[in-house]
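Asker: Pulled from Swiss-Prot, these are the listed features:
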- 1-146: domain 'Clp R' (DOMAIN)
- 6-71: region 'Repeat 1' (REGION)
- 83-146: region 'Repeat 2' (REGION)
- 159-341: region 'NBD1' (REGION)
- 206, 207, 208, 209, 210, 211, 212, 213: ATP 1 binding site (BINDING)
- 342-547: region 'Linker' (REGION)
- 392-524: coiled coil (COILED)
- 557-755: region 'NBD2' (REGION)
- 607, 608, 609, 610, 611, 612, 613, 614: ATP 2 binding site (BINDING)
- 756-848: region 'C-terminal' (REGION)
């Protein structure tokens, strides 16, 4: 035992056996302790060894536990348990076997053979089950191959391919992969490259979410179905998991050892295995720990060039350019296969193919119109992602939302339940009272409580029945899918009798049950549970993701849009033309008749200061989002310098602020349905207008990161004071002199705001007083302003040059200042009503 040199796993097993014996109070470490320690090891080789000789590890483990339970126990022993004679003999045999096989370390498989040798209880147990020393020796040669044990962690390289990869063809055989619809050209191209003699390594390149991984899964399904050329028939596709290969590799060289073992397994398969690496760019730099260490990319290069490793990769365009193209030697070993984004029509076909899987998973029905809506709405509104991924996600989330509603208690039941609880509490309180009125109320209350309890029971029963009907349909669909998968497997394996029994016996039987259950699930008088995903559900998910109201107009919203001018006119006085133009643009958008490739509306508001240009933008944001601050406001006076254009769209690469993004593009990217106000547009540098040309015409803008930001659901408002005070012709002449024709030509409308007259100012007085009243309401104070006082404010606050802004200052000075002094002096208290009148000399206002 002097030269005993255990591997890490062997040492861990001995330590675990010692602890188990010590905890149980056993005086000796018996072979049963060692076997149990080996069987319970994570990623241990004992269980695979037993499986290789046809023994069930769970059975051996249970019988080993029974042996441990019968071992003698010593109480009060202070010494550590020692190895028993049989355990020592097993380890000696393991040491001899390691020497015989020219291994440098005693590994766990050597110990397993040692435990099966001799006449101990464990040896009899293993031999009795067929795990004789000879059988175990033959099995571990199969498991570890021709590799010698030359490191303390050899187990990491055993069955390396099984450990660090997923067999896609096996998953396809089991029916666990989603069906792949279309993509025939791309799959054919991949097959062509794989059939080459050398450099037979296709790499699928495309945007995220276009279906690169699905193409490889489609190839796996075709291999299983036999729908491939002879060169690929009966091949196995394994998806390599580089993450698990790197995970836990603590020491230098450990990752390389694991990868080498995987590559050797692939090489030894004599071309039977096709390797797939998703996110191919991760091989560049994977496992490199510093100077002198090799990364995965460099390790696989020679095998790729010789054609010993058939590798299919998948990565995005950006990652390929950034990582693979940098290494020219690696890039030339791959053949690019470009995967483009499918059209909306192709996406609908893909969704129809996946529909059954999602229906079975969520237990709800998905209508065809929902699939069409998912493809069209995702294409129009979710611009930062790609089809078919974004459309599939919409369907998945809409079905998930509906399933959640089915599993949750309906609102009707919740409301009745809360009412019953409240009535029960009231009943308990009244039952303690003895007066006549309480007794009368108690009788009425008990009658009402009985009615509500009956109603609750009825609703609960109805809900449960509806839920059960939906569950029956879901279970039958699951059965049907499982039987169809079983039938396909039987057909592939040549078991035609079983395939015929399933296809003409059990499948029609389940289909018949399903046909009978479906009308029962649908024929419900008062439906509490919705079990069908429709276009409205898809539109709701789009709205939740983007904030864009993509759903059908509800009655209340329709009425609100039809009286939009009235709502905006309450805040913006005297600008009927501008209010109508903006309202029409919003209505066109919501009714779906506006140009889908342009912004909802693009207006330039012209006119003197203080007439309501900015106020209309605020009123519009308030109308659409119930918050006047819910708009993107860009003060163009801050963009007077040429270099400030970068602040709008983001600094170019290499400049300070590149990571921050643009103030305009980032705001719209986060909230694509919004009002964008460019205030005082004439103060901006002319180059800013050039940036806005694309926004006004195409409804999109490319930011500093190269991302396209969608402006098609925004309302763009540009305000300016150009030519204020002049006639309409003079104002338009000033606009033409300042802005380029191509800029003006892209606007929907140039609206000239009229100056305010004294009558309109009286209405603005009411608005200003209402705003002051809102602030005072927090102190429960009320203002009672007389009509003469309002006229006095309108008359004194009117200035044709400055518009309505002097009026706001006047309200603040004439009322706000006096009121503040009165509050501080204690002349006015919370809850008071303060009258406001004109002074006798008509020179000021009097409060109180």
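We count from 1, first residue shown onward.
Glycine residues also receive a Cβ, built from the backbone N, Cα and C atoms like all the rest.
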Asker: Hey, of the binding-site residues listed (211, 608), which one tops the CB count within 10 A?
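Answerer: The largest 10 Å Cβ neighbour count belongs to 211.
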Asker: I'd like to know which of these binding-site residues, 206, 209, 607, 610, is least surrounded, judged by other CB atoms within 10 A.
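Answerer: Comparing Cβ neighbours within 10 Å for the binding-site residues 206, 209, 607, 610, 209 has the fewest.
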Asker: Please report the number of other Cβ atoms within 10 Å of the Cβ of residue 612 (ATP 2 binding site).
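Answerer: Around residue 612 (ATP 2 binding site), other Cβ atoms within 10 Å: 26.
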Asker: Report the residues of the chain - excluding 607, 608, 609, 610, 611, 612, 613, 614 - with C-beta within 8 Å of the mean position of the site's C-beta atoms, for the recorded ATP 2 site, in sequence order.
Answerer: 605, 615, 719, 721, 753, 803, 804
Asker: So if I measure Cβ to Cβ from residue 207 (ATP 1 binding site) and keep only same-chain residues at least 6 apart in sequence, which ones fall under 8 Å?
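Answerer: In sequence order, 316, 317, 341, 386 meet the Cβ cut-off.
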Asker: Using the alpha carbons only, what distance in Å do you get between residue 612 (ATP 2 binding site) and residue 208 (ATP 1 binding site) once rounded?
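Answerer: On Cα coordinates alone, these residues lie 46 Å apart.
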Asker: DSSP on the region 'Repeat 2' (83-146): how many residues come out helix, how many strand, how many coil?
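Answerer: Helix (H, G, I), strand (E, B), coil: 45 helix, 2 strand, 17 coil.
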Asker: Round to the nearest Å and give the CA-to-CA distance linking residue 208 (ATP 1 binding site) with residue 608 (ATP 2 binding site).
Answerer: 50
Asker: Among all the protein chains here, how many other CB atoms are within 10 A of the CB of residue 609 (ATP 2 binding site)?
Answerer: 16
Asker: Across all chains shown, how many C-beta atoms besides its own are within 10 angstroms of the C-beta of residue 611 (ATP 2 binding site)?
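Answerer: Cβ-Cβ neighbours of residue 611 (ATP 2 binding site) within 10 Å number 28.
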Asker: Can you figure out which of 608, 610, 614 (the binding-site residues) comes closest in space to residue 212 (ATP 1 binding site), comparing Cα atoms?
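Answerer: Result: the closest of the binding-site residues to residue 212 (ATP 1 binding site) is 614.
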Asker: Just to verify: the residue among 212, 613 with the fewest other Cβ atoms within 10 Å, which of the binding-site residues is it?
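Answerer: Each of the binding-site residues 212, 613 was scored; lowest Cβ tally within 10 Å is 212.
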